[in-house]
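Features of the protein shown, as given by TrEMBL:
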| type | residues | note |
| --- | --- | --- |
| BINDING | TRP31, SER65, PHE66, GLU67, VAL89, VAL90, ILE91, PHE122 | 5-amino-6-(D-ribitylamino)uracil binding site |
| BINDING | ASP94, THR95, ARG136 | (2S)-2-hydroxy-3-oxobutyl phosphate binding site |
| ACT_SITE | HIS97 | active site, proton donor |
Amino acid sequence: MATSLKNLSEYNKENLADISEKMFGIVVSEWHDDITGTLCQGAVDTLLEHGARKENIFINTVPGSFELTLGAQFLAQQEEIDAVICIGVVIKGDTKHDDYINHAVAQGITHVSMKYNKPVSFGLVTTNTLEQALDRAGGKHGNKGVEAAAAAVRMLSF
Ligand code: DLZ
């Protein structure tokens, strides 16, 4: 059976940070915005369920997933932001665009995370088909936005 990130509710609350005063930036790609909207909602709900305040969650959109890196940097460089969550969907097509975008985002947001010493989580759904993306945005494989937010909370709990 495939392993995946646990839902935050499966962790002992004592092992997780109090995030009621933490500030979160979420960067959302506009490509496949019906799906990224669901992923973003999953991330927001997860933060709120864990105690974040609505007014401490800042959502910004970028044109496509390739722009997630710079969008993440704009947020991470703000001192008051504690963690950034990147949300996007890249679906394979006839060309290798998906490879270039996915690798660039993975490397780019890793760099931002290291540079600003803050969690920057990878909520990029990279699939071969639209159906596989839908399965990961509230479908049979859960919601990767939830997992990305959970990863940010866990990293704030280090
Ligand atoms: C150009 C492009 C293509 C073909 N596919 C996607 C995709 O599946 N998902 C996504 O988020 N963005 C895509 N883009 C747009 C690029 O991410 C980027 O916005 C443009 O290349 C402009 O820099």
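Placed from the backbone N, Cα and C atoms, the Cβ positions cover glycine too.
No curator has checked TrEMBL annotations; they are predicted automatically.
Positions of TrEMBL features highlighted on the structure.
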residue : record                                           : DSSP class
TRP31   : 5-amino-6-(D-ribitylamino)uracil binding site    : coil
SER65   : 5-amino-6-(D-ribitylamino)uracil binding site    : helix
VAL89   : 5-amino-6-(D-ribitylamino)uracil binding site    : strand
ASP94   : (2S)-2-hydroxy-3-oxobutyl phosphate binding site : coil
PHE122  : 5-amino-6-(D-ribitylamino)uracil binding site    : strand
Filtered binding-site residues, from TRP31, ASP94, THR95, PHE122, ARG136, whose Cβ is under 6 Å from an atom of ligand 1: TRP31
Diameter of the 5-amino-6-(D-ribitylamino)uracil binding set by C-alpha atoms, the set being TRP31, SER65, PHE66, GLU67, VAL89, VAL90, ILE91, PHE122, in angstrom: 16
Integer Å distance between the CA atoms belonging to PHE122 (5-amino-6-(D-ribitylamino)uracil binding site) and THR95 ((2S)-2-hydroxy-3-oxobutyl phosphate binding site): 23
Rounded inter-Cα distance in Å - ILE91 (5-amino-6-(D-ribitylamino)uracil binding site), the residue listed as 'active site, proton donor': 9
Lowest local Cβ density (other Cβ within 10 Å) among recorded positions: HIS97, ARG136: HIS97
Residue with minimal Cβ packing [other Cβ atoms within 10 Å] among the binding-site residues VAL90, ILE91: ILE91
Rounded Cα separation (Å) that holds between HIS97 (active site, proton donor) and PHE66 (5-amino-6-(D-ribitylamino)uracil binding site): 10
Most distant Cα pair in Å, residues ASP94, THR95, ARG136 binding (2S)-2-hydroxy-3-oxobutyl phosphate: 23
